[in-house]
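J.: Have a look at this one.
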Amino acid sequence: MEVLKSAADHEVSMTLPLMCDDQKQEQYGYGSGGKHDSNYSHRPKTSNTSFVKTVFNGAGLLSIPYALSSGGWLSLILLLVIALAAFYSGLLIKRCMDLDSSNIKTYPDIGHCAFGRKGRTLVSIFMYIEQYLVPTGFLILGGDNLNNLFPGIKLEIMSGLITISGVQLSILIVALVILPTVWFDNLSILSYVSASGVIASGIIFGSIMWAGAFDGIGFHIEEGVVLNWKGIPTAVSLYAFCYSAHPVFPTLYTSMKNKNQFSNVLVLCFIICTSTYALMAVVGYLMFGSKVQSQITLNLPTMKLSSKVATYTTLITPIAKYAINIRPIVDEVQSSLPNNLNTKFSGMIIGTIILISNVMIALTIPFFASLMALVGAFVSVTGSITLPCLCYLKISGTYKRFGWELAILVTIMVMGFVVAISGSYTSLLEIIGNLQL
(Lines of atoms letter the chains of each structure in order from A and count residues from 1; the text may use other names and numbers.)
(Lines give C-alpha, C1' and ligand atoms only; values in the text may rest on other atoms or scores of the structure.)
Protein backbone atom coordinates (compact mmCIF):
# COMPACT_ATOMS: atom_id res chain seq x y z
CA MET A 1 0.00 0.00 0.00
CA GLU A 2 1.51 3.30 -1.00
CA VAL A 3 1.71 5.95 1.64
CA LEU A 4 -0.81 8.73 1.51
CA LYS A 5 -4.00 8.88 -0.39
CA SER A 6 -6.26 11.91 -0.43
CA ALA A 7 -7.20 13.60 2.82
CA ALA A 8 -10.70 12.29 2.44
CA ASP A 9 -9.25 8.96 3.53
CA HIS A 10 -8.44 10.52 6.93
CA GLU A 11 -5.07 8.82 7.10
CA VAL A 12 -3.83 8.15 10.58
CA SER A 13 -0.82 6.61 12.20
CA MET A 14 -1.56 3.96 14.74
CA THR A 15 1.77 3.86 16.36
CA LEU A 16 2.76 6.87 16.28
CA PRO A 17 5.26 9.13 16.89
CA LEU A 18 7.50 10.75 14.46
CA MET A 19 8.03 8.16 11.89
CA CYS A 20 5.46 5.63 11.13
CA ASP A 21 3.44 5.22 8.00
CA ASP A 22 -0.02 6.76 8.07
CA GLN A 23 -3.01 4.55 7.57
CA LYS A 24 -6.70 5.12 7.22
CA GLN A 25 -9.00 4.88 10.18
CA GLU A 26 -10.89 2.09 8.48
CA GLN A 27 -7.79 -0.04 8.77
CA TYR A 28 -8.44 -0.32 12.46
CA GLY A 29 -12.19 -0.61 12.25
CA TYR A 30 -12.67 2.88 13.70
CA GLY A 31 -15.93 4.61 13.22
CA SER A 32 -17.52 1.75 11.38
CA GLY A 33 -18.02 -0.92 13.95
CA GLY A 34 -15.57 -3.01 12.08
CA LYS A 35 -17.38 -2.79 8.74
CA HIS A 36 -15.34 -2.35 5.63
CA ASP A 37 -15.94 0.01 2.83
CA SER A 38 -16.98 -1.35 -0.51
CA ASN A 39 -13.77 -0.19 -2.11
CA TYR A 40 -11.56 -2.17 0.23
CA SER A 41 -10.43 -4.55 -2.46
CA HIS A 42 -9.40 -1.65 -4.65
CA ARG A 43 -6.92 -0.17 -2.23
CA PRO A 44 -3.38 0.15 -3.53
CA LYS A 45 -0.93 -2.63 -2.85
CA THR A 46 1.59 -2.48 -0.06
CA SER A 47 5.24 -1.90 -0.82
CA ASN A 48 8.09 -3.17 1.34
CA THR A 49 8.99 0.46 2.03
CA SER A 50 5.55 1.12 3.49
CA PHE A 51 6.00 -1.86 5.77
CA VAL A 52 9.24 -0.48 7.19
CA LYS A 53 7.72 2.97 7.60
CA THR A 54 4.83 1.46 9.52
CA VAL A 55 6.89 -0.62 11.94
CA PHE A 56 9.53 2.05 12.55
CA ASN A 57 8.86 4.20 15.62
CA GLY A 58 10.59 7.56 15.73
CA ALA A 59 9.86 8.53 19.31
CA GLY A 60 11.15 5.13 20.29
CA LEU A 61 14.35 5.83 18.37
CA LEU A 62 14.90 9.06 20.31
CA SER A 63 14.29 7.46 23.70
CA ILE A 64 16.05 4.13 23.21
CA PRO A 65 19.49 5.36 24.39
CA TYR A 66 17.77 6.32 27.64
CA ALA A 67 16.23 2.85 27.79
CA LEU A 68 19.69 1.30 27.47
CA SER A 69 21.10 3.60 30.15
CA SER A 70 18.26 2.54 32.46
CA GLY A 71 18.84 -1.19 32.08
CA GLY A 72 22.55 -1.37 31.29
CA TRP A 73 24.40 -3.05 28.44
CA LEU A 74 22.91 -6.49 29.03
CA SER A 75 19.40 -5.10 28.60
CA LEU A 76 20.09 -5.12 24.86
CA ILE A 77 19.33 -8.84 25.11
CA LEU A 78 15.82 -7.89 26.20
CA LEU A 79 15.49 -5.63 23.15
CA LEU A 80 16.11 -8.72 21.03
CA VAL A 81 13.64 -10.76 23.10
CA ILE A 82 10.93 -8.11 22.67
CA ALA A 83 11.69 -7.90 18.95
CA LEU A 84 11.37 -11.68 18.54
CA ALA A 85 8.12 -11.77 20.51
CA ALA A 86 6.71 -8.89 18.46
CA PHE A 87 7.81 -10.58 15.24
CA TYR A 88 6.16 -13.85 16.24
CA SER A 89 2.93 -12.08 17.21
CA GLY A 90 2.99 -10.40 13.79
CA LEU A 91 3.08 -13.85 12.20
CA LEU A 92 0.16 -14.89 14.41
CA ILE A 93 -1.90 -12.01 13.05
CA LYS A 94 -1.30 -13.37 9.55
CA ARG A 95 -2.31 -16.86 10.65
CA CYS A 96 -5.51 -15.54 12.22
CA MET A 97 -6.41 -13.85 8.96
CA ASP A 98 -5.64 -16.98 6.95
CA LEU A 99 -7.94 -19.00 9.22
CA ASP A 100 -10.89 -16.65 8.63
CA SER A 101 -9.94 -14.41 5.71
CA SER A 102 -13.53 -13.58 4.79
CA ASN A 103 -14.33 -11.95 8.14
CA ILE A 104 -10.98 -10.49 9.23
CA LYS A 105 -9.82 -7.31 7.52
CA THR A 106 -8.81 -5.12 10.48
CA TYR A 107 -7.24 -5.64 13.88
CA PRO A 108 -10.52 -5.30 15.83
CA ASP A 109 -11.94 -7.98 13.52
CA ILE A 110 -9.42 -10.42 15.00
CA GLY A 111 -10.69 -9.63 18.49
CA HIS A 112 -14.28 -10.07 17.30
CA CYS A 113 -13.51 -13.38 15.61
CA ALA A 114 -11.88 -14.68 18.78
CA PHE A 115 -14.16 -13.36 21.51
CA GLY A 116 -17.13 -11.69 19.84
CA ARG A 117 -18.17 -8.12 20.54
CA LYS A 118 -16.25 -8.04 23.82
CA GLY A 119 -13.09 -8.98 21.97
CA ARG A 120 -13.58 -6.18 19.44
CA THR A 121 -14.24 -3.72 22.23
CA LEU A 122 -11.14 -4.78 24.17
CA VAL A 123 -8.86 -4.46 21.14
CA SER A 124 -10.38 -1.09 20.21
CA ILE A 125 -9.96 0.25 23.75
CA PHE A 126 -6.23 -0.44 23.76
CA MET A 127 -5.91 1.15 20.33
CA TYR A 128 -7.78 4.28 21.40
CA ILE A 129 -5.73 4.60 24.59
CA GLU A 130 -2.53 4.56 22.56
CA GLN A 131 -4.04 6.92 20.00
CA TYR A 132 -4.72 9.37 22.83
CA LEU A 133 -1.54 9.07 24.88
CA VAL A 134 0.99 9.15 22.04
CA PRO A 135 -0.11 12.65 20.90
CA THR A 136 0.28 13.72 24.53
CA GLY A 137 3.84 12.51 24.24
CA PHE A 138 4.19 14.63 21.09
CA LEU A 139 3.42 17.75 23.12
CA ILE A 140 5.99 16.85 25.76
CA LEU A 141 8.53 15.95 23.08
CA GLY A 142 8.00 19.28 21.34
CA GLY A 143 8.02 21.22 24.60
CA ASP A 144 11.25 19.64 25.82
CA ASN A 145 13.10 20.28 22.57
CA LEU A 146 11.77 23.82 22.14
CA ASN A 147 12.79 24.64 25.69
CA ASN A 148 16.21 23.16 24.99
CA LEU A 149 16.63 25.44 21.99
CA PHE A 150 15.39 28.56 23.79
CA PRO A 151 16.04 28.14 27.51
CA GLY A 152 14.90 30.90 29.81
CA ILE A 153 11.88 32.03 27.79
CA LYS A 154 8.96 33.12 29.94
CA LEU A 155 5.59 34.79 29.68
CA GLU A 156 4.35 37.25 32.31
CA ILE A 157 0.61 37.84 32.61
CA MET A 158 -1.14 40.58 34.61
CA SER A 159 2.03 42.58 35.24
CA GLY A 160 3.98 39.56 36.37
CA LEU A 161 1.29 38.21 38.69
CA ILE A 162 1.30 35.01 36.65
CA THR A 163 4.52 33.77 35.09
CA ILE A 164 4.74 30.79 32.75
CA SER A 165 8.20 29.60 31.78
CA GLY A 166 10.33 26.62 30.88
CA VAL A 167 8.86 23.42 29.51
CA GLN A 168 5.30 24.45 30.43
CA LEU A 169 5.45 27.54 28.24
CA SER A 170 7.10 25.55 25.45
CA ILE A 171 4.31 22.96 25.58
CA LEU A 172 1.71 25.73 25.29
CA ILE A 173 3.56 27.23 22.31
CA VAL A 174 3.70 23.85 20.58
CA ALA A 175 -0.02 23.36 21.28
CA LEU A 176 -0.86 26.75 19.77
CA VAL A 177 1.10 25.86 16.65
CA ILE A 178 -0.72 22.53 16.43
CA LEU A 179 -4.20 23.98 17.04
CA PRO A 180 -4.91 25.15 13.45
CA THR A 181 -3.93 21.71 12.13
CA VAL A 182 -6.62 20.16 14.34
CA TRP A 183 -9.19 22.26 12.50
CA PHE A 184 -8.08 21.05 9.07
CA ASP A 185 -10.65 18.95 7.29
CA ASN A 186 -8.12 18.15 4.56
CA LEU A 187 -5.07 16.48 6.07
CA SER A 188 -3.26 15.65 2.85
CA ILE A 189 -0.50 18.24 3.33
CA LEU A 190 0.20 17.09 6.88
CA SER A 191 0.08 13.49 5.70
CA TYR A 192 2.88 14.11 3.23
CA VAL A 193 5.01 15.75 5.92
CA SER A 194 4.37 13.07 8.54
CA ALA A 195 4.98 10.26 6.07
CA SER A 196 8.51 11.54 5.65
CA GLY A 197 9.25 10.21 9.12
CA VAL A 198 11.83 7.66 7.97
CA ILE A 199 13.74 10.43 6.21
CA ALA A 200 13.45 12.58 9.33
CA SER A 201 14.83 9.76 11.44
CA GLY A 202 17.72 9.34 9.05
CA ILE A 203 18.49 13.04 9.39
CA ILE A 204 18.30 12.87 13.18
CA PHE A 205 20.45 9.75 13.36
CA GLY A 206 23.02 11.23 10.97
CA SER A 207 23.13 14.47 12.96
CA ILE A 208 23.69 12.60 16.22
CA MET A 209 26.47 10.52 14.67
CA TRP A 210 28.06 13.70 13.32
CA ALA A 211 27.85 15.33 16.75
CA GLY A 212 29.57 12.35 18.32
CA ALA A 213 32.29 12.07 15.71
CA PHE A 214 33.07 15.69 14.81
CA ASP A 215 31.55 18.06 17.39
CA GLY A 216 33.74 17.11 20.32
CA ILE A 217 31.43 14.72 22.16
CA GLY A 218 33.14 11.47 21.22
CA PHE A 219 32.30 7.86 22.02
CA HIS A 220 33.40 6.64 25.43
CA ILE A 221 33.62 2.87 25.75
CA GLU A 222 34.20 3.06 29.49
CA GLU A 223 30.82 4.72 30.02
CA GLY A 224 27.80 2.81 31.31
CA VAL A 225 26.95 -0.10 33.58
CA VAL A 226 26.64 -3.74 32.61
CA LEU A 227 23.28 -4.35 34.26
CA ASN A 228 20.94 -2.25 36.38
CA TRP A 229 18.15 -4.43 37.76
CA LYS A 230 16.12 -1.48 39.04
CA GLY A 231 16.02 0.03 35.56
CA ILE A 232 15.03 -3.15 33.71
CA PRO A 233 11.23 -2.50 33.83
CA THR A 234 11.71 0.96 32.33
CA ALA A 235 14.12 -0.34 29.70
CA VAL A 236 11.85 -3.18 28.61
CA SER A 237 8.81 -0.89 28.53
CA LEU A 238 10.57 1.59 26.26
CA TYR A 239 11.83 -1.26 24.07
CA ALA A 240 8.26 -2.53 23.77
CA PHE A 241 7.08 0.96 22.81
CA CYS A 242 9.24 0.65 19.70
CA TYR A 243 7.16 -2.32 18.49
CA SER A 244 3.57 -1.13 18.56
CA ALA A 245 2.61 -1.18 14.88
CA HIS A 246 0.69 -4.46 14.92
CA PRO A 247 -2.81 -2.94 14.58
CA VAL A 248 -1.98 -1.97 11.00
CA PHE A 249 -0.64 -5.39 9.99
CA PRO A 250 -4.04 -6.82 8.92
CA THR A 251 -4.55 -4.01 6.42
CA LEU A 252 -1.00 -4.27 5.12
CA TYR A 253 -1.43 -8.01 4.69
CA THR A 254 -4.78 -7.67 2.93
CA SER A 255 -3.42 -5.06 0.54
CA MET A 256 -0.28 -7.02 -0.40
CA LYS A 257 -0.19 -8.19 -3.99
CA ASN A 258 1.74 -11.33 -3.07
CA LYS A 259 0.58 -12.37 0.38
CA ASN A 260 3.06 -15.26 0.45
CA GLN A 261 5.81 -12.66 0.89
CA PHE A 262 4.34 -11.27 4.12
CA SER A 263 6.57 -13.35 6.38
CA ASN A 264 9.71 -12.51 4.39
CA VAL A 265 8.89 -8.81 4.39
CA LEU A 266 8.19 -8.96 8.12
CA VAL A 267 11.58 -10.59 8.77
CA LEU A 268 13.40 -7.95 6.73
CA CYS A 269 11.43 -5.17 8.37
CA PHE A 270 12.16 -6.32 11.91
CA ILE A 271 15.85 -6.84 11.13
CA ILE A 272 16.16 -3.29 9.78
CA CYS A 273 14.22 -1.69 12.63
CA THR A 274 15.84 -3.68 15.44
CA SER A 275 19.33 -3.09 14.05
CA THR A 276 18.64 0.64 13.85
CA TYR A 277 17.26 0.76 17.39
CA ALA A 278 20.23 -1.17 18.75
CA LEU A 279 22.74 1.01 16.90
CA MET A 280 21.12 4.22 18.13
CA ALA A 281 21.01 2.85 21.68
CA VAL A 282 24.70 1.94 21.62
CA VAL A 283 25.81 5.18 19.96
CA GLY A 284 23.78 7.33 22.34
CA TYR A 285 24.95 5.43 25.41
CA LEU A 286 28.59 5.63 24.31
CA MET A 287 28.23 9.37 23.78
CA PHE A 288 26.54 10.33 27.05
CA GLY A 289 26.58 7.29 29.34
CA SER A 290 24.29 7.50 32.36
CA LYS A 291 23.71 11.20 31.64
CA VAL A 292 21.68 10.51 28.49
CA GLN A 293 18.26 12.12 28.76
CA SER A 294 14.80 10.82 27.85
CA GLN A 295 15.30 12.17 24.33
CA ILE A 296 18.87 12.08 23.13
CA THR A 297 18.40 15.38 21.28
CA LEU A 298 18.28 17.10 24.69
CA ASN A 299 21.91 16.08 25.29
CA LEU A 300 23.25 17.66 22.11
CA PRO A 301 25.15 20.98 22.33
CA THR A 302 22.63 23.54 21.10
CA MET A 303 25.17 25.81 19.42
CA LYS A 304 26.34 23.18 16.93
CA LEU A 305 24.73 23.00 13.48
CA SER A 306 24.26 19.23 13.68
CA SER A 307 22.38 19.65 16.96
CA LYS A 308 20.11 22.32 15.53
CA VAL A 309 19.32 20.13 12.52
CA ALA A 310 18.43 17.19 14.77
CA THR A 311 16.34 19.28 17.15
CA TYR A 312 14.40 21.22 14.51
CA THR A 313 13.69 18.00 12.63
CA THR A 314 12.41 16.50 15.88
CA LEU A 315 10.16 19.53 16.40
CA ILE A 316 8.60 19.59 12.95
CA THR A 317 7.48 15.99 12.70
CA PRO A 318 5.29 15.67 15.82
CA ILE A 319 3.62 18.97 14.97
CA ALA A 320 2.75 17.53 11.56
CA LYS A 321 1.55 14.21 12.97
CA TYR A 322 -0.62 15.34 15.89
CA ALA A 323 -3.83 16.01 13.97
CA ILE A 324 -3.45 12.81 11.97
CA ASN A 325 -3.02 10.73 15.11
CA ILE A 326 -6.11 12.02 16.91
CA ARG A 327 -8.30 11.81 13.78
CA PRO A 328 -9.67 8.31 14.58
CA ILE A 329 -10.90 9.52 17.98
CA VAL A 330 -12.46 12.63 16.44
CA ASP A 331 -14.20 10.58 13.77
CA GLU A 332 -15.46 8.01 16.27
CA VAL A 333 -16.95 10.68 18.53
CA GLN A 334 -18.48 12.43 15.53
CA SER A 335 -20.06 9.22 14.29
CA SER A 336 -21.90 8.88 17.60
CA LEU A 337 -23.50 12.32 17.25
CA PRO A 338 -26.95 12.92 15.71
CA ASN A 339 -26.83 13.73 12.00
CA ASN A 340 -27.67 17.39 12.55
CA LEU A 341 -24.65 17.76 14.86
CA ASN A 342 -22.23 15.69 12.79
CA THR A 343 -20.66 18.67 11.02
CA LYS A 344 -17.23 20.03 10.24
CA PHE A 345 -17.62 22.50 13.09
CA SER A 346 -18.35 19.72 15.58
CA GLY A 347 -15.19 17.97 14.41
CA MET A 348 -13.22 21.16 15.09
CA ILE A 349 -14.70 21.39 18.58
CA ILE A 350 -13.96 17.75 19.36
CA GLY A 351 -10.39 18.07 18.09
CA THR A 352 -9.87 21.21 20.16
CA ILE A 353 -11.20 19.52 23.30
CA ILE A 354 -8.86 16.57 22.77
CA LEU A 355 -5.91 18.94 22.30
CA ILE A 356 -6.81 20.86 25.46
CA SER A 357 -7.06 17.63 27.45
CA ASN A 358 -3.71 16.47 26.03
CA VAL A 359 -2.15 19.80 27.01
CA MET A 360 -3.51 19.47 30.56
CA ILE A 361 -1.96 16.01 30.89
CA ALA A 362 1.32 17.18 29.34
CA LEU A 363 1.51 20.14 31.73
CA THR A 364 0.68 17.93 34.70
CA ILE A 365 2.92 15.01 33.72
CA PRO A 366 5.71 16.48 31.55
CA PHE A 367 7.82 13.34 31.90
CA PHE A 368 8.34 11.93 28.42
CA ALA A 369 10.23 8.76 29.30
CA SER A 370 7.89 7.76 32.13
CA LEU A 371 4.76 8.38 30.06
CA MET A 372 6.06 6.51 27.01
CA ALA A 373 7.26 3.67 29.24
CA LEU A 374 3.72 3.47 30.61
CA VAL A 375 2.36 3.36 27.07
CA GLY A 376 4.91 0.71 26.14
CA ALA A 377 4.21 -1.48 29.16
CA PHE A 378 0.45 -1.18 29.41
CA VAL A 379 -0.65 -0.59 25.82
CA SER A 380 2.08 -1.72 23.41
CA VAL A 381 2.88 -5.02 25.12
CA THR A 382 -0.79 -5.87 25.52
CA GLY A 383 -1.92 -4.71 22.09
CA SER A 384 1.02 -5.91 20.02
CA ILE A 385 2.19 -9.04 21.85
CA THR A 386 -0.29 -10.46 24.36
CA LEU A 387 -3.58 -9.96 22.50
CA PRO A 388 -2.39 -11.48 19.18
CA CYS A 389 -1.27 -14.59 21.08
CA LEU A 390 -4.52 -14.79 23.01
CA CYS A 391 -6.68 -14.32 19.92
CA TYR A 392 -4.69 -16.89 17.95
CA LEU A 393 -5.08 -19.41 20.77
CA LYS A 394 -8.85 -19.06 20.53
CA ILE A 395 -9.26 -18.80 16.75
CA SER A 396 -6.90 -21.67 15.93
CA GLY A 397 -8.04 -23.91 18.77
CA THR A 398 -4.42 -24.34 19.88
CA TYR A 399 -5.53 -24.11 23.51
CA LYS A 400 -7.09 -27.57 23.05
CA ARG A 401 -3.82 -29.19 21.97
CA PHE A 402 -0.80 -29.40 24.26
CA GLY A 403 2.46 -29.00 22.38
CA TRP A 404 5.38 -26.73 21.59
CA GLU A 405 3.17 -24.08 20.01
CA LEU A 406 0.97 -23.84 23.09
CA ALA A 407 4.05 -23.70 25.32
CA ILE A 408 5.56 -20.87 23.26
CA LEU A 409 2.31 -18.89 23.26
CA VAL A 410 1.82 -19.28 27.00
CA THR A 411 5.45 -18.26 27.62
CA ILE A 412 5.06 -15.12 25.51
CA MET A 413 1.78 -14.20 27.20
CA VAL A 414 3.26 -14.69 30.66
CA MET A 415 6.23 -12.54 29.65
CA GLY A 416 3.85 -9.90 28.32
CA PHE A 417 1.84 -9.98 31.53
CA VAL A 418 4.98 -9.59 33.67
CA VAL A 419 6.25 -6.68 31.55
CA ALA A 420 2.83 -5.01 31.60
CA ILE A 421 2.53 -5.24 35.39
CA SER A 422 6.13 -4.42 36.33
CA GLY A 423 6.56 -1.75 33.65
CA SER A 424 3.27 -0.01 34.44
CA TYR A 425 3.98 -0.13 38.18
CA THR A 426 7.49 1.28 37.76
CA SER A 427 6.33 4.00 35.35
CA LEU A 428 3.53 5.09 37.67
CA LEU A 429 5.95 5.19 40.62
CA GLU A 430 8.33 7.36 38.58
CA ILE A 431 5.52 9.71 37.59
CA ILE A 432 4.28 10.00 41.18
CA GLY A 433 7.83 10.50 42.44
CA ASN A 434 8.50 13.26 39.91
CA LEU A 435 5.23 14.98 40.78
CA GLN A 436 6.23 15.09 44.44
CA LEU A 437 9.56 16.80 43.73
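The backbone N, Cα and C atoms fix where each Cβ goes, and this holds for glycine too.
Feature annotation from TrEMBL assigns domain 'Amino acid transporter transmembrane' to 54-427. The feature transmembrane segment is assigned by TrEMBL to 74-93, 122-141, 161-182, 189-212, 232-253, 265-288, 308-324, 345-365, 371-393, 405-425.
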J.: Please figure out which one of 74-93, 122-141, 161-182, 265-288, 371-393 racks up the most CB pairs under 8 Å against the transmembrane segment (232-253).
T.: 371-393
J.: Sort out for me which stretch, of 122-141, 161-182, 265-288, 371-393, 405-425, has the most Cβ pairs below 8 angstroms to the transmembrane segment (74-93).
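T.: The stretch with the most contacts is 265-288.
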J.: Mind checking which residues reach the transmembrane segment (122-141)? Cβ under 8 Å, same chain, six or more beyond either end.
T.: 12, 14-17, 28-30, 59, 62, 107-108, 110-111, 115, 167, 171, 174-175, 178, 244, 247, 295, 314, 318-319, 321-322, 325-326, 328-329, 332, 354, 358-359, 361-362, 366-368, 371-372, 374-375, 378-380, 382-383, 387
J.: Given a Cβ distance threshold of under 8 angstroms, which distant residues of the chain, six or more beyond its ends, lie next to the transmembrane segment (265-288)?
T.: 48, 51-52, 55-57, 60-61, 64-69, 73, 76, 79-80, 83, 86-87, 90-91, 94, 201, 205, 208-209, 211-212, 217-221, 223-224, 239, 242-243, 256, 296, 299
J.: What same-chain residues lie close to the transmembrane segment (161-182): Cβ under 8 Å, and 6 or more beyond its ends?
T.: 139-140, 142-144, 146-147, 150, 152-155, 190, 315, 318-320, 322-323, 326, 348, 351-352, 354-355, 358-359, 362-363, 366
